[in-house]
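Below is one structure, written out as structure tokens; the observations come after it.
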Ligand SMILES: NC(=O)c1ccc[n+]([C@@H]2O[C@H](COP(=O)([O-])OP(=O)(O)OC[C@H]3O[C@@H](n4cnc5c(N)ncnc54)[C@H](O)[C@@H]3O)[C@@H](O)[C@H]2O)c1
């Protein structure tokens, strides 16, 4: 099978490398010349565990180009894995997907299957097919198949190699066979549906997980008021197989490139069809508030942040990635800076991306320990292993050891033996400072 993939982002590049790993030859196309130049040299442009190693291992079956016409002309399968970011009104921006569809239509010289891997609103695959047919330059047959992706950043390679399922939406028997053969070396159940159901499986799954996170965060907030411990509560809930123990970790909300935009896109679509999704709307609202939970907590200790030094541990939306899309750091740090705080920040791989998005009085530190020194308060935003490994005494180098832990990294019992304030999510505050 000759394969091309449009988009070398978190989904496109990981898909390419995994498909190469199971023996396919893959040409990766992107409009970003810098990225393609890096990739041609074997440099992985994103931080994703195991990706650089697997890319190097399978480099002989990978090619990278900006020349889409040459790449698409003679392929059996072309994946579309470009972004579908959020528009101002919350709907999904489909311009990148349609731009690729036009490029494919202008380039193909033989029958092929176009696979939409990007997360797209229900009905998009049909529209992509119409769009392709409208712009086709030659007399060839194209089938459009929905194949949404379920990987998570930080564990993308593992997720793709050992995923829970592969969803394929098509009514065409021949397209089914083509897609099944691509994935035959990945030992995963393949679910075949119609295209609209496949598109909906992706949104419904992501929105359900977002809902679960917002639910446990609301439970955490009321645990704080009522003196219960949300970690124990989640453990007790998660042992019930009807509930399950995943996505029940209370914190400062979800971020990243998927949950925020996919909740908003489905909510927008519901409204458009006069079918409001009230649960999804609640998940979005709870998350917006939860992102600023630490700011609210910090106001208990400082009515103004003017002149205080805030140590921020973690900038990326989760550990294991350099991605900052919708990260709580982007919501919290500008508020601190606007209110006159000096910020010291640590992140093992998100600093360069953060510098491109936020400027101001920020000192970037090489270690969590250096970040904490002489700080007046600490915000923990990402549970990087380096942050989780800190011991209570590491916080005693702060001018005032007030720790606001947005990711529940430590045992409050342990913190209780030290002269500090430890204020986490959904658990009783440890307050040992005068
Ligand atoms: N990131 C995730 O964890 C994840 C997981 C599952 C599904 N998804 C979905 O997959 C899609 C891609 O997400 P991502 O995070 O990989 O995006 P990304 O922003 O990391 O990458 C998109 C890439 O597409 C390239 N591109 C834009 N126009 C192009 C064109 N005409 N031809 C070729 N390349 C072009 C961009 O330059 C960029 O490199 C989205 O719909 C997203 O919702 C993402």
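Note: Cβ is positioned from N, Cα and C throughout, glycine not excepted.
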(request) Return the residue out of 158, 300, 318 that TrEMBL annotates for the same substrate site as 202, 247, 248, 249, 250, 251, 255. (result) 318
(request) For the NAD(+) site, TrEMBL lists 30, 35, 84, 119, 261; sort out which one of 177, 196, 325 goes with them. (result) 325
(request) May I ask you to report the DSSP-based helix, strand or coil state of residue 202 (substrate binding site)? (result) helix
(request) Could you pull the average pLDDT for the domain 'UDP-glucose/GDP-mannose dehydrogenase C-terminal' (311-412)? (result) 97
(message) Can you tell me which of these recorded positions sit near ligand 1, meaning the Cβ is under 6 Å from at least one of its atoms: 30, 84, 119, 258, 318?
(response) 30, 84, 119, 258
(request) Can you tell me how spread out the substrate site is, meaning the largest CA to CA distance among 202, 247, 248, 249, 250, 251, 255, 318, in Å? (result) 24
(request) Could you state the whole-number distance in Å separating the C-alpha atoms of residue 84 (NAD(+) binding site) and residue 258 (active site, nucleophile)? (result) 9
(request) For residue 258 (active site, nucleophile) and residue 247 (substrate binding site), determine the Cα separation and express it in whole Å. (result) 15
